[in-house]
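**Q** What follows is a single structure, and I will ask about it in a moment.
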Amino acid sequence: MASGSGSRDETAPLRRTPSRRMTRQPTMVEPPEEEAAPDSELVPSSLASIVPLLRVANEIEGYNPRVAYLCRFHAFEKAHNLDPTSSGRGVRQFKTYLLHRLQKDEEDTPRKLAHNDLKEIQLFYQWYYENYVKEGPERKPEEMAKHYQIASVLYDVLKTVAHGKVDDEIDKQAKEVERKKVHFGPYNILPLHVSGPAPAIMELPEIKAAINELCKVENLPRPSVQSMSDAQQRVDGSSMPEDGDRSISDLLDWLGLTFGFQKGNVENQREHLILLLANIDIRKRNHDEYSLLHHGTVKYLLDKVFKNYYSWCAYLHRPSNIKFPDNAETQQLDLLYIGLYFLIWGEASNVRFMPECLCYIFHHMADELYGIIIGNVHLASGGYFEPAHQGEKSFLQQVVTPIYQVLRKEVQRNKGGTASHSRWRNYDDLNEYFWSNECFKLGWPMDPEADFFANSVDMHSKTEHRDRVVHGRRKPKTNFVEVRTFWHLFRSFDRLWIFFILAFQAMLIIAWSPSGSITAFFDPDVFRSVLSIFITAALLNFLQAALDIILSWKAWGSMEYTQIIRYLLKFAVATAWIIILPIGYSSSVQNPTGLTKFFSNWVGNWRSQSLYSYAVVIYMIPNILAALLFMLPPLRRTMERSNLHIVILLMWWAQPKLFVGRGMHENVFSLLKYTLFWILLLISKLAFSYYVEIYPLVEPTKTIMSLGVGNYEWHEFFPNLQHNIGVVITIWAPIVLVYFMDAQIWYAIFSTIFGGIHGAFSHLGEIRTLGMLRSRFEWIPSAFSKRLVPFSEEEQKRTEEETERRNIAKFSHVWNAFINSLRDEDLINNWEKSLLLVPYSSDDISVVQWPPFLLASKIPIALDMAKDFKGKDDELIKKIKSDHYMFSAVIECYETLRDILFGLLKDEDDKEVVRLICHSVDSSARQHKFSAYFRMNELPQLSNKLEKLLKLLTIIDYEDVESYRTQIANVLQDIMEIITQDVMINGHGILRKSPVEIRANQSDKERPRFADLNLELMENKSWKEKAVRLHLLLTLKESAINVPMNLDARRRITFFANSLFMNMPKAPIIRKMLSFSVLTPYYKEDVLYSEEELHKENEDGISILFYLQKIYPDEWKNFKEPKDVVKEKMEDIRHWVSYRGQTLSRTVRGMMYYRQALELQCFLDMSEDEAIMDGTRTRTPSKHNHDPRSQAIAQAIADIKFTYVVSCQVYGMQKKSADTRDRSCYQNILNLMITYPSLRVAYIDEREETVRGEPVKCYYSVLVKAVNKLDEEIYRIKLPGNPTDIGEGKPENQNHAIIFTRGEALQTIDMNQDNYLEEAFKMRNVLEELDIRHGQSRPTILGLREHIFTGSVSSLAWFMSNQETSFVTIGQRILANPLKVRFHYGHPDIFDRIFHLTRGGISKASKTINLSEDIFAGFNSTLRGGNVTHHEYMQVGKGRDVGMNQISLFEAKVANGNGEQTLSRDVYRLGRRFDFYRMLSFYFTTVGFYFSSMVTVLTVYVFLYGRLYLVMSGLERSILEDPSVKNSKALESALAPQSVFQLGLLLVLPMVMEIGLEKGFRTAVGEFIIMQLQLASVFFTFQLGTKVHYYGRTILHGGAKYRPTGRGFVVFHAKFAENYRMYSRSHFVKGLELMILLVVYEVYGQAYRSSSLYLFVTISMWFLVASWLFAPFVFNPSGFEWQKTVDDWTDWKRWMGNRGGIGIPVDRSWESWWQSEQEHLKSTSIRGRVLEIILALRFLIYQYGIVYHLNIAHHSRSILVYGLSWFVMLTVLVVLKMVSVGRQRFATDFQLMFRILKGLLFLGFLSVMTVLFVVCGLTISDVLAGILGFVPTGWSLLLIGQACRLLVRRLGFWDSIKELGRAYEYTMGIVIFMPIVVLSWFPFVSEFQTRLLFNQAFSRGLQISRILAGRKESDTNMSAK
């Protein structure tokens, strides 16, 4: 047997015994079908150690199948030993599969080298060693690593087969392999252990210096490490000798052994630290060669890494434990501290989100470190000591895991996001525990019995419940409680609300004064009344103090006593003021004062001032002091940041002590800018509010109040209310809401104006068309050199001409790489590419060689000018020189033609003729006598012949050149003849003078002239391209100036050119640029579309491929141009489609442009002038640089400057999954790593490991790269548990992978983004911004603009694109400057990596509250003293959702996130700690926008319910028909301001301004009009409803969750039932309610009201109703196609009728969906339920009002009328219940009885109705009105029943509620569906809708009507089906 059961006789065959061992397995399965992946990639996680064996088997299969079989056999036995019972997940199936394969292979694999297996493998091992391992030709480290790995595994197998008895020679070879193998282990960027010739990256002096510094370990005491008895086998599968003592090669090794860090963590942080030191160090150097680090490098890194730690120590008044011995060299100790922090951080897992917890851990470990270094007796001798932590994973087990367990227990209390935030502690709560000295009670090592760990210890046994919810004693929240209430808005932004309320009160008092003028303020009585605002202020401050106590109550258990005392004192003082000020005010009524008198008499008359005046002055003292400090930001900043006890005491009242949010004040200049912005805005807003909203309403209000009490038309409960107060409230309520909302509109206006001005000054849009590009192209090379080329002192020594030529040469390399990338992306074709390329500078040509598209038609025009010219030469030359490009073209053509002729002619005499002609041309041109020697009218004839010659030279291949020799010679002879005989006046003289003529006459008459040609030149690519270019210049027509034709290519070219004229930092050389990483989180999205997905047709017969061919016809045509699209090229088609979707492939390709750009820029930095100005014209020169050493250095520098990590969270699961899509994703990700060797993939690996005999799931962070077309593990770091169990998925995914990133900056890129090569060239400039102060400090987050690339898919996509573009440009521009409130809104922002990794990372991850994880990174950065800027000279592509439902899901997610933000501590702290004006900016650009949106909709409700009250009560009729009012139109005047909220249209102003800036204002107006015609207003109004619904529901009830939108192409029709499910509660119910309100208002008021007034007031509301009810169908493809409508109705009826139940999804049954819609009510608080019930009561007003207007009521006002209506309502419900119960109980067994019952009920109904009609006077209108009144009542009962679910269930009415709900849903569905049915009858409606949806595509040739009908055109047969 292969494992050693064979006989000792070597000739005996190998016996098959594995099957005997495996017969005990209880199950056997058939081997799986043919797998695309090798068996080595399907190994279950618990058998991971056999992967190397199987990989080696697969690798050597082709050499020796028998040895491969033996390797698999060994793998099988090893697997059996690892898991004998096959208890691990998937183990049984895998072992069975492997066994079947072994049985098959044993028969099919004969021996090749010997007669038995032992000899076979011995001979093969020796052969492999001799050929691949032994010293031989130099191989790459990756190749050698593979060979050593194979040799090592083969030796293990050999030992097993030979029972451990191996030949001495082989044993010697194996030991040599093991000795050398360590030098070829897997590595990430730095091959630190490689032997042999050092790779270029290891030769860089900065790398060598960093390594040297880290290797200084000789003087360190050595930790004594005991051999671990359970030492695991190495990952590579080979055995490792245990020597009991790990070698210490550097400081990180020493720290790892001393403190028990994992080996993978140590290796990872070693490379991390080396690269950081190297990159920081090189920037401090002026020379290249050195071996020691700069003295400031380590100090700089130490200060940056520990800035937060120092701040933490100072805050807690604790001495820092970063200590140094006196008078000693500290660099080694500095590095030990930095290394220790990085090792802690690298292994902290989820604890990385708790930066102060890391500070606590480091604080104690640094103290231990100092004690070991300084206090150890063996320091001098380098002796041994006992380390603090024994074992490699002791830090993980003893420090990280206990904290992780606390996190896990707390998150279980969250109940999946349904529990109240106050019931569990999130990351912030646990981190803020370490903001107080209480944390030191934990001790060190941490005491497991400490209060902090109470839950994880006490509750350990209680976690085994099915719902995994932890019960028991809860720790209090820390510092803040996230309570679900809208009062958070007041608490967080109290100054804003106080200001607006006081301003409203003051304006109302002034407007109410007799004069109503603003000057009335100076009137004594008015001024005294205005002073009452201080009483209001006191009341509001009392409310604020009360909210502070109420909302923070559950955190008091963890608060410091000083904070509690402050809260109580604040409340007491606020209470005192609301007593003192009213008393003082009432006493001041007898002592009135005017404004002038108030101030002029104050000093001299102070003793006689009233109590109120003193009280106001005292009350204002804190505000006056705050204003003074506001004007002195440096003082305020210093005081807030001070940790002195006296300063803390002084600041205690104004601002409680807190670790974050201190000293966030900007410098004076920034403060002045945003203060001016807001002062102007507030003046405008208040003036508008006064003159448009408040003042016009005062007189009508006075008139209405002066009227007597009106005649009520219903039973009025308060008939004696004075002054018509109900009417006044009804009129003023909407205006008050508008007053609080319209500041948002004013912000939109002002941000548009300021943003536009700022953009114009930033040079945005200066080059926005091809015409502008052509006009400024000659300045682009110099602008490029100024911005993108590093400055060098040599530049100053060059002449201007040399500088220009060098500039153009460098520019041409970058420009041509850009143009080539456009061609690679199929945005341009080959012809356009040839027109856009800039030739590399050549010494042969004396002028600049511009790209041909600039020179199009210049030569033909010049020839025409010359041909017809009659004047002096000077005038012609002047005309030609007036066009710079024409002059360049003429000179270039002449000089190029001369070079081509000289090159073609072999004979020296022929060359002499050309030389004489050129001499004649040059001399005549110098003398300005060209026309005297040449006939210019013959030049066109010469041009035609030249074209013919050049065409021959360009189209002929070198292989065929001989067959064309005669033809070329003839044309050349014609040319020379034309020149000498026709063009030159005395050309014969030249020929006679030439030796050619003399010789021809004397001796060699038979030899023709100009026929001896050097056609070998055509093999020279450079020469041939000269001919091609000359041919282009001669033949290009004027139409060529319009290239490129592709709109995206035009946009990119113009933006790149424009950006070169914008302000950006000077570029450093690549060697000295900041290093950076890019991190992309990925879950399960599309990586690359499969062939099946490309051709899969939707219900309309449309495939993605066909759709994209029509959307991007020019790009498809370009794609086909260089190659025929056939089946073999399907891979290319898959990429073409994927690069137009939102796929990972597109993102990775875009980000890898950074590396391509770095390599090219590095080449340009290092190369001499000759190398730069040489090279081919069409390819990236770095690829053709003949110096491999320079190329290796360029790649090495790119390696240390740029790292790209994709965090594929479930890559390990996808790798082993049986699901086809998962396997495809894995394979595609692996292919990406193979395509881009520097790409790294991080993932969370889940493994089953045996601990104490029990299988346990273990989790690892793993980093892999591609080697030999397989993934190779680089680092593996064990985690304390599953990281994604704790927080939100995306931030946890980022957090686990962030340890594998490198550099000083980190760009976060989402999976739906793209990048462009031309933008990548600007990255080093952008990174320089991190070292430039912007305002008060250097930036910590750099914001970049985005281009939304999905705008062309449909009109919806276009709307979203414009909306998003305006936000990421003008919106963020104004946020960053002047407002200083830009945060992190997602990607592609660039983080200061060191700043953020020491402060909690690049996002926050607490469940639910941090749903919008990205913006919290911006909040966190700002609170911790960071600075966020925005830069628009660089852009990154981004995709957005393109379908209606996708967009709505996205808007819902964002609204959910904003709802959670409103409750968060970050928003509270920013709102309280920003100064007043910055707080205003913060409010209106974050949660305020959503609250204002909600107020907009609330205004409509308040207005319409107010109208309902007026109409139903009869007060509106009473007032309008009053004689004193009839002529004044008072009520109509009062109605007019209600339409103010319609100004919401102004919110699109920023969009119009940005389009105007970047495309021109004519284009902007045109696009705006087109958007309106495409119903953009309907779309935005609809999305307003989405925002409001989800924002309000989140705050009231919770339910915020991540909503996956999908990022595919939406070309399918959404069914009616799907739309109904998605929008029923958010839009349809609300829309129908508003529609009923409008109908009631119209019906019951039309008798006395003009219809024009009604229309004026309600038109916008009808628009809102129509948008909310029908937008999903208007924007639904094929929404009005008859057949689709019929199918939708059938589907909807089926869905409505299906019964629900456990496990039935919501899309299958109405009941399941109805239950799911009430999930938020199951988990809401009592407060939320009560509010739901109160809101539901509004529906009862319909019934109450309408019943009194029925004819049957006979104008009775008795309450009995209302009581009888309820009797009718209940009777109807009881009858319906009887029918329902009867159907359930009697319909089957007593069918006859049930029918009789129904008949009797029907007869009874007819009888009652007859009596009512005949006797009581009931009318048809009464019936209709009754339905209108009772339907809302039923809905109200339904809502109340849902809110009181438990009570209703107990009473047994739940089924009735459900059936009532079903009836309402049916009714609503039919009401909404009927208009769709009617419109579907008309075919033109469907056609119109198609044009409406896809207009953008129509403008680019898309025939979408055919697409939706599925009628594919014949020309699509080339789509490679």
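The backbone N, Cα and C atoms fix where each Cβ goes, and this holds for glycine too.
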**Q** Per TrEMBL, which of 76-96, 223-243, 1273-1293 is region 'Disordered'?
**A** 223-243
**Q** By DSSP, what is the split of the domain '1,3-beta-glucan synthase component FKS1-like' (332-447) into helix, strand and coil residues?
**A** 83 helix, 2 strand, 31 coil
**Q** Is the transmembrane segment (1826-1848) in contact with the transmembrane segment (496-514), using at least 3 Cβ pairs under 8 Å (sequence separation of 6 or more) as the test?
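**A** Answer no, regions not in contact.
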**Q** Can you tell me which of 611-632, 644-664, 1800-1820, 1863-1884 gets the most C-beta pairs within less than 8 Å of the transmembrane segment (1653-1675)?
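**A** It is 1863-1884 that shares the most Cβ pairs under 8 Å with the transmembrane segment (1653-1675).
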**Q** Go through the chain and flag residues at least 6 beyond the ends of the transmembrane segment (1759-1779) whose CB is under 8 A from any CB in it; none is fine as an answer.
**A** 715, 1743-1744, 1747-1748, 1753, 1797-1798, 1801, 1826, 1829-1830, 1833-1834, 1856, 1859-1860
**Q** Is the transmembrane segment (526-547) packed against any residues at least 6 beyond its ends, judged by a Cβ distance under 8 Å, and which are they?
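**A** Residues 487, 490-491, 494, 497-498, 501-502, 505-506, 509-510, 513, 520, 567, 570-571, 573-575, 577-578, 581-582, 585, 588-589, 592-595, 598, 612, 615-616, 619.
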**Q** Mean pLDDT for the domain '1,3-beta-glucan synthase component FKS1-like' (332-447), as a whole number?
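**A** Computed over the domain '1,3-beta-glucan synthase component FKS1-like' (332-447), the mean pLDDT is 87 on the 0 to 100 scale.
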**Q** Within the same chain, where does the transmembrane segment (1800-1820) have neighbours whose Cβ lies under 8 angstroms from its own Cβ atoms, ignoring anything closer than 6 residues to its ends? I mean 6 or more beyond.
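**A** Answer is 1750-1752, 1754, 1775, 1778-1779.
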**Q** Below 8 Å between Cβ atoms, which of the listed ranges 611-632, 1482-1504, 1863-1884 makes the most pairs with the transmembrane segment (721-739)?
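**A** Stretch with maximum Cβ contacts: 1482-1504.
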